[in-house]
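K.L.:
Mind looking over this structure? Questions follow.
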């Protein structure tokens, strides 16, 4: 009986099969190759890397602008005519696309690490192009329609850059294992120099990046100013329907500094609270009076307005994803809210909070078009509300307002020079948080001008503004910000310097050690395993060298792995005698030479 010993045994290599299979659909051993990656596939790798960076930026953008999700929804509502929570599906889609691209990039880097030829599958290429094109189009659209929001990205980096730097240093340190492997395998000195110079240029640029980082929270703790005062934006709109008595009462329960309200004049001259031009979003006007749904809210009389429900929309659309957290009693109360008049707000807030009042101009055909400011002033003055607790925002007829109500805090909603503000007797500024810098805050403070910033909902943004010395902010999320005891982080400059210098030194030491280790492991390797010989006909050696190496491997395995004594005892009269009684040669007599050739060809297959 003849027992055959296989000339070569291959381990399953499941991890390698999964690596090449998922990336390029090359699940079989014979489909893999150690050849150099083609220029075309290198171009796809560069495109993959670029797409990774772009989708990472896009994902970071949508994660950080959650402070302004409501603003984005409001913008699209005005464009499309219906309310929906658009940022959530955008964020989920972006996260899924980023995860897919990141997975492909990890697989590509693993190909480089193990010396496998990259061959991205055509389905992945289609997905890559689709994601890249979609991201570019989306970013361009946001840049045109919501261009101010890109400034939020720069502001957020003031809070995250110190920690992103440490994370980037750690990532580059881990990536150095692959770069060092390429450096060690490179046979040409010019290639090694190029790899070394390029990599360490990037590394040292990253090490010195903290010199360009500026954050208001890098400061001594003793220099931290008081916590910014909180003004409820339309009350507490995350806990109750905006501009309702319930919303303002919830805000007062938090002991806020002030309340912000938008005032509209009804057709019969009653000031009431409404932000939108129409009633469609925040009332049930489409159910009660469909013919009035698109009419301006100020073109309805107060009797009609009182018949509308101003709370059901909050429970139905759940604009801040907070309706489910309401208690049963709050849920019932919210469901039965009606439109709030200015007189009701003044009575509720009297002696309890400062009011930041903004007036919305009525249409030209409105009977109170020319006198709506006087009507509003009379309502405030007749209520007995303290004048010094009113921040008056409208710029129209400001001299008249100062004459009639000299105690009002005149507030400007536009950014102007200090001299112009002083001439207009402006005491406060009400600006978007992206409109003012730290230096401008200090300049305004030196002229005794207080600055209020809107709309601040995210704790990270509130912390940054706290460190920057902002006196007050307007917020939808006042119930959460009122519970923030201190900035999310604050670090003395010396400690921050020590942190990034230590991170850089540790990283540099590890990188040098990795390069030395990889050079020691891979620098002198010039041998080949059977798989390399079979699947790669031109790796470092000429085809003649590969043929010679095949023969050496085959005969070395014959001498080491074949049980010669058993074969001789069982098959003494066949062609195996040639191998047992003569030296192995690539080409021999009839018996041995032909069989050797057969074995070589079998091995080659």
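Numbering starts at 1 and runs along the chain as it is shown here.
Every residue gets a Cβ built from N, Cα and C, even glycine.
Annotations per Swiss-Prot:
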DISULFID  15-18  disulfide bond
DISULFID  25-571  disulfide bond
DOMAIN    228-485  domain 'GP-PDE'
CARBOHYD  301  N-linked glycosylation site
CARBOHYD  336  N-linked glycosylation site
CARBOHYD  352  N-linked glycosylation site
CARBOHYD  374  N-linked glycosylation site
CARBOHYD  448  N-linked glycosylation site
REGION    582-605  region 'Disordered'
TOPO_DOM  1-42  topological domain 'Cytoplasmic'
TOPO_DOM  64-89  topological domain 'Extracellular'
TOPO_DOM  111-125  topological domain 'Cytoplasmic'
TOPO_DOM  147-160  topological domain 'Extracellular'
TOPO_DOM  182-192  topological domain 'Cytoplasmic'
TOPO_DOM  214-496  topological domain 'Extracellular'
TOPO_DOM  518-605  topological domain 'Cytoplasmic'
TRANSMEM  43-63  transmembrane segment
TRANSMEM  90-110  transmembrane segment
TRANSMEM  126-146  transmembrane segment
TRANSMEM  161-181  transmembrane segment
TRANSMEM  193-213  transmembrane segment
TRANSMEM  497-517  transmembrane segment
K.L.:
Using Cβ atoms only, which residues of the same chain lie under 8 Å from residue 25 (disulfide bond) while being at least 6 residues apart in sequence?
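P.N.:
Result: 121, 123.
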K.L.:
Report the mean pLDDT of the predicted model across the topological domain 'Cytoplasmic' (182-192), rounded to a whole number.
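P.N.:
Mean pLDDT across the topological domain 'Cytoplasmic' (182-192) comes out at 87.
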K.L.:
Using C-alpha atoms only, work out the spacing between residue 352 (N-linked glycosylation site) and residue 18 (disulfide bond) and round it to an integer in Å.
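P.N.:
On Cα coordinates alone, these residues lie 66 Å apart.
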K.L.:
Can you tell which of the disulfide-bonded residues (15, 18) has the fewest other C-beta atoms within 10 angstroms of its C-beta?
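P.N.:
Counting other Cβ atoms within 10 Å of each of the disulfide-bonded residues 15, 18 gives the minimum at 15.
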K.L.:
Out of 43-63, 90-110, 161-181, 193-213, 497-517, which stretch has the largest tally of CB pairs under 8 angstroms to the transmembrane segment (126-146)?
P.N.:
43-63
K.L.:
Cα-Cα, whole number of Å: residue 15 (disulfide bond) versus residue 301 (N-linked glycosylation site)?
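P.N.:
It is 74 Å, counting Cα to Cα.
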K.L.:
To the nearest whole angstrom, state the Cα distance for the pair residue 18 (disulfide bond) and residue 301 (N-linked glycosylation site).
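P.N.:
Counting only the Cα atoms, the answer is 71 Å.
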K.L.:
Are there residues at least 6 beyond the ends of the topological domain 'Cytoplasmic' (111-125) whose Cβ is under 8 Å from a Cβ of it, and what are they?
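P.N.:
16, 19-20, 23-26, 32-38, 41-42, 44-45, 48, 104, 177-178, 181-182, 185.
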K.L.:
If you measure from the Cα of residue 374 (N-linked glycosylation site), which of the glycosylation sites 301, 336, 448 is the nearest?
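P.N.:
Result for residue 374 (N-linked glycosylation site): the nearest of the glycosylation sites is 301.
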K.L.:
Using C-alpha atoms only, work out the spacing between residue 301 (N-linked glycosylation site) and residue 336 (N-linked glycosylation site) and round it to an integer in Å.
P.N.:
20
K.L.:
Counting other CB atoms within 10 A of each CB, which of the glycosylation sites 301, 352, 374, 448 comes out lowest?
P.N.:
448
K.L.:
Using a Cβ-Cβ cut-off under 8 angstroms and a sequence gap of six or more, which residues of the chain neighbour residue 336 (N-linked glycosylation site)?
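P.N.:
Looking at Cβ-Cβ distances below 8 Å from residue 336 (N-linked glycosylation site), excluding near sequence neighbours, one finds 309, 311.
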K.L.:
Per DSSP, to which secondary structure element type does residue 301 (N-linked glycosylation site) belong, with helix, strand and coil as the options?
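P.N.:
Coil, per DSSP.
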